[in-house]
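A.B. asks: Quick one: the structure is below, and I'll ask about it shortly.
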Amino acid sequence: MKHGLHFFARSDLTTAIQDFTAVIREDPSNAQARLYRGRTYAKQQQYRNAIQDLAAAIHLDPSCWLAFYYRGCILQEIDPKRALQDFSVSVLINDTQENFCSFLHRGIIYSKQCQWSLAICDFESVIALNSSVIFAYLTIGLILLLHLDQYYEAIRQFTNAIKIDPLNVQAYLCRAQAYHKIHNLPNAVKDINRAIHLYPNKSQLLILRGQYLMEWKKYELASLCIHQLAEMDEESFKSQPVQQALIQSFCQNHNKAIESLHEATATQPEPSMFVLLGKIQMKAEKTKDAVESFKQAIMLLMTPAKILPNTFEAAEMYYLMGLCYMEQSNLLQARDAFSMAIRLHSSYPDAFYQRGLCRMQLRQAKCIRDFNRTLALCPSHFQAYMSRAAYYGSKGRYSKAIMNCNEAIKILPNSVRAYFYRGTLKYQNKTFKAAIEDLSKVIDLNKTCFFAYYNRAICYHQIKNFRKALKDYGILILHELSKEIVFKVLINRGLLYMELGDYANACEDFKEAALLSPDDSQIFQAIGICYHRLKEFEEAVRSFNQVLKLEPISLDAYVGRGNSYMENGHEAGLKLAQKDFLKAIHLNPMCVKARICLAYNLQALGKLQRAWNQFTVAISIDPKCHAAYDGRASVCLQMGETFAALQDTNAALKLTITAPLLTNRGVIHQLMGYLSCAMKDYQQAISVDPNYALAYFSAANIYFHNRQFSQAYCYYSKVLKLEPRNESAIMNRAITNTILKNFEEAKEDFEKAVCLSPFSAAVYFNRANFYNGLNQYELAEKDISTALSIQPNDAFMYRLRADIRAKLGFNKEAVEDYKQAISIQEQIDCM
């Protein structure tokens with residue numbers, strides 16, 4: 001046995017076999033002799049004898065993992081299933097480092113069977129047992145790169161292989177391809193350069209580097225690569241004009257490629273040469289020349305009887321001619337060329353598809369038949385589904401368009417275009433949440449698809465998810481996009497801010513938009529509205545002035561400027577406002593908005609009858625204008641015509657039910673003494689709009705009047721939750737707390753009221769009463785004195801201070817206050 005092992009080790013296979021045979025003859029149950037004779041037969045490629053010996057070794061010693069391993073190696077090509085079983089048993093018996101090859105070979109078989117996850121597991125086991133096996137790293141990397149699209153993990157595996165063997169060209173080449181997949185062209189080129197450094201005479205490496213440099217838009221370096229390639233075998237390039245033309249075309253040197261092919265067609269006029277020439281001319285955007293080349297090819301292909309053969313080659317020529325005509329916008333000629341291609345080769349899906357596009361651009365309904373025929377011939381034709389979706393979308397049949405996008409996505413599950421178009425269709429179909437899902441998928445696939453952010457922001461706006469809409473608009477603004485997109489984003493975000501009531505930010509966006517489009521009057525109109533809401537009335541007037549410079553007959557600008565003038569509060573402003581409203585009415589006597597504003601202007605000037613007339617005219621123009629009824633009601637109320645005011649308010653409420661209108665009717669009922677009706681109106685207003693503070697305040701006042709102080713306290717508190725700076729509600733709650741003997745809360749409310757209205761005599765007067773009730777006369781005297789300094793001619797306050805001073809023992813001062821109170825009262829009585 002030792003003699004045989006010696007010759008086996010020295011590769012003297014014949015002698016080794018003789019020795020192992022002698023051992024087996026003496027001891028037929030010697031498993032080791034069977035194992036080594038089987039291995040020796042395998043080396044001599046006597047596989048049948050080898051398998052018999054290895055099977056005998058396994059039979060004699062079932063724990064012989066080497067026998068299973070070597071038999072698996074022999075069987076892996078002819079019987080992979082049995083080979084897998086042998087390798088699996090081998091690793092089951094021995095899964096240590098000395099048997100890592102079993103994992104390696106089993107991984108290779110799994111790879112051939114496309115069982116990628118199992119193959120990766122085995123190669124990872126190889127690495128765990130022997131980390132220096134480069135083949136395992138490379139194979140895992142290739143599986144991840146070519147089959148699982150896990151490019152970053154593939155790069156990591158190739159990098160590990162390079163760390164072990166920095167001179168391994170295959171590792172560099174594979175990593176370059178992985179970098180190319182993730183569009184990391186600089187690193188891809190670096191790895192190709194390293195491979196070229198190791199093997200400088202490999203022409204394919206130079207071609208690959210040229211391709212990557214082209215994609216990286218390093219045209220000069222790419223051209224240099226091709227020139228280097230040409231210099232490596234210059235004569236062969238001269239003898240192969242087609243290859244030379246292809247290389248020049250690859251370098252974007254289309255003119256040189258065309259020149260090379262012209263020379264070739266002069267000496268070798270073959271249809272294929274003219275077709276190639278035409279294709280390169282198409283790349284060079286010389287479509288007219290390309291058409292002539294294809295015509296030459298067709299002439300050469302014709303039989304002596306001037307008949308074209310029904311072959312794909314002939315059909316392709318017409319197909320390419322059709323593409324050229326489409327580039328030239330000669331749609332009728334393109335359609336005829338595609339029809340000819342279909343006649344020559346009836347199962348040409350791309351020809352049907354392109355003819356469908358022509359017909360769609362020509363607004364011919366037959367286009368849908370062509371798309372259907374394309375899909376019948378090629379069910380995986382992505383473009384046909386997308387074009388059919390576009391056709392149905394243009395007809396408003398959004399559901400059918402979405403179904404076609406669904407089919408397109410089944411073909412290309414990561415198509416940005418398909419998800420984007422489906423998202424826009426869902427938006428058109430008003431299924432905004434579904435549209436957001438698709439647009440989010442687009443963004444996941446392509447972070448730089450800014451139209452997806454824009455459309456998603458619009459969808460978020462539609463479903464009132466303002467925070468996310470603002471986030472998407474913000475992302476767009478951060479990037480350097482075209483002026484048109486930035487302009488639209490600023491306008492949309494400004495409108496969103498206005499909807500949120502954030503007029504300051506809205507104004508900033510509109511001002512930025514105005515810089516991009518200084519002649520757009522609508523933007524300045526929006527800026528004016530924002531300034532008006534921000535109570536910056538002078539700026540609002542300037543903005544409306546700009547609108548009128550750009551559009552002198554803008555009714556909205558006159559009305560907006562008039563309202564801004566009115567807010568100034570002085571008579572001159574009211575007069576200027578009146579001029580603007582009259583100008584708007586002069587331009588359009590049927591402008592209801594201008595008449596209503598003029599009516600309020602006249603009301604502010606005290607011209608109640610004229611104001612009433614304007615509201616009446618507005619109602620006659622638009623009997624469904626609830627604002628006109630509401631305005632006339634306010635004038636009637638001011639004129640003392642409460643019943644007329646009630647009728648107008650009821651008329652407005654028949655048109656629309658709003659919290660302000662219900663509250664106004666409640667006020668009228670309250671003035672008429674119908675407190676129960678008033679309370680009913682206030683409660684209904686609260687149910688319509690739970691955040692309308694005036695309804696709570698008015699209801700609280702009725703509760704206070706009815707001495708229902710606990711309810712009054714609750715309602716005043718609700719007012720202050722909605723409007724924390726409402727001084728009237730704070731004052732009334734302070735008085736209510738005083739009555740309810742909630743003295744600490746009352747004191748806090750009085751302090752807030754003083755902070756909000758430090759020059760209100762009523763605040764100090766009421767707090768003086770509060771301190772007087774608590775017998776805190778010094779504080780009461782201080783507050784009533786402050787109230788008198790603000791409002792010095794109030795007899796009642798002098799009388800109160802006299803009472804307080806008398807309690808403090810200041811009798812002389814109290815007498816003087818009583819006298820002053822009597823004097824003021826006598827003056828009032830005389831008047």
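Note that Cβ sites are derived from N, Cα and C of the backbone, with glycine treated the same way.
Quick paste from TrEMBL:
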- 31-64: repeat 'TPR' (REPEAT)
- 126-148: transmembrane segment (TRANSMEM)
- 169-202: repeat 'TPR' (REPEAT)
- 315-348: repeat 'TPR' (REPEAT)
- 382-415: repeat 'TPR' (REPEAT)
- 487-520: repeat 'TPR' (REPEAT)
- 521-554: repeat 'TPR' (REPEAT)
- 659-692: repeat 'TPR' (REPEAT)
- 693-726: repeat 'TPR' (REPEAT)
- 727-760: repeat 'TPR' (REPEAT)
- 761-794: repeat 'TPR' (REPEAT)
A.B. asks: Should anything in the same chain at least six residues away from the repeat 'TPR' (693-726) have a Cβ under 8 Å from its Cβ atoms, list it; otherwise answer none.
C.D. replies: 659-660, 662-663, 666-667, 670, 675, 678-679, 682-683, 685-686, 732-733, 735-737, 739-740, 742, 756
A.B. asks: Mind checking how the repeat 'TPR' (659-692) divides into helix, strand and coil residues in DSSP?
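C.D. replies: DSSP composition of the repeat 'TPR' (659-692): 27 helix, 0 strand, 7 coil.
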A.B. asks: Below 8 angstroms Cβ to Cβ, which residues of this chain, lying six or more residues outside the repeat 'TPR' (315-348), approach it?
C.D. replies: 271, 275, 278-279, 282, 285, 287-288, 290-291, 294-295, 297-298, 301, 308-309, 354-355, 357-359, 361-362, 377
A.B. asks: Using DSSP, what's the helix, strand and coil tally for the repeat 'TPR' (761-794)?
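C.D. replies: Result for the repeat 'TPR' (761-794), in helix, strand, coil order: 27 helix, 0 strand, 7 coil.
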